[in-house]
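S.K.: My questions will all concern the structure given below.
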There are 2 protein chains.
Amino acid sequence: MVFDPATLTYNEAGLIPAIAQDAENGDVLMMAWMNAEAVAKTLETSRVTYWSRSRQAFWIKGETSGHVQELVEARVDCDRDCLLLLIRQTGAACHTNRRSCFYTALRDGAEVELMAPEAD
Amino acid sequence: MVFDPATLTYNEAGLIPAIAQDAENGDVLMMAWMNAEAVAKTLETSRVTYWSRSRQAFWIKGETSGHVQELVEARVDCDRDCLLLLIRQTGAACHTNRRSCFYTALRDGAEVELMAPEAD
């Protein structure tokens, strides 16, 4: 079955959430948003390209930081309203320079920081 | 730092996306939504409880199917607008009776089904 980004379900802003998972160790690194064109660009180039809601512009991950995400495989969920991206991450996925954006655990009602920013 | 669900960032519908990841093998199983009360219930009970957008009601995962999700650890991302739930999944996470909702891969412009529904 040929894949067409237009067949995905987007929210009222025309966006779909995309979860980036490290293809090597399975760590979930971040979640961001794509519009149909960002989905198409990501599949065409294998460079993960989100839609920045704050800047209202394409966000080629790592374009300024060098922390690029190379797509290994994209998957779509049963409702076609969420994407899972298996990627190879160069450097930190998080803008805080941590490997993953999910660096804060909730344990016994408190927030616990799991990892420090990486050295440059 | 004490955690308060009210400190998370919710969308205009009062919801935050929650990614469920198998705590044992790292598979991403599904993504669904929570409101602040669902976050609190999940942390209090360790039974993952979403907010069903279609039913506009709490959705205690597995309440009817038996396919419950036991919370191992919740994590919050840098922007505090997405949750990652490390869980122990009983049976299938997906309503199609597949282990994961992300059973469709996009390969060479085509959709490829990665897994079949589980036997009952």
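Any Cβ shown, glycine's included, is placed from N, Cα and C.
Here's the feature list from TrEMBL:
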{"type": "BINDING", "residues": "A:Asp77, A:Asp79, A:Asp81", "note": "Mg(2+) binding site"}
{"type": "BINDING", "residues": "A:Cys78, A:Cys94, A:Cys101", "note": "Zn(2+) binding site"}
{"type": "DOMAIN", "residues": "A:30-103", "note": "domain 'Phosphoribosyl-AMP cyclohydrolase'"}
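Could you tell me the structural context for the features on the list?
M.R.: Under the DSSP three-state reduction, A:Asp79 (Mg(2+) binding site) is assigned to coil, being neither helix nor strand. Counting only same-chain residues at least 6 apart in sequence, those with a Cβ under 8 Å from the Cβ of A:Asp79 (Mg(2+) binding site) are A:Thr9.
Its own atom aside, the Cβ of A:Cys94 (Zn(2+) binding site) has 21 Cβ atoms within 10 angstroms in the protein chains shown.
Per-residue confidence over the domain 'Phosphoribosyl-AMP cyclohydrolase' (A:30-103) averages 97 (mean pLDDT, predicted model).
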S.K.: Count up the helix, strand and coil residues in the domain 'Phosphoribosyl-AMP cyclohydrolase' (A:30-103) according to DSSP, in that order.
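M.R.: Reading the DSSP string over the domain 'Phosphoribosyl-AMP cyclohydrolase' (A:30-103) gives 10 helix, 29 strand, 35 coil.
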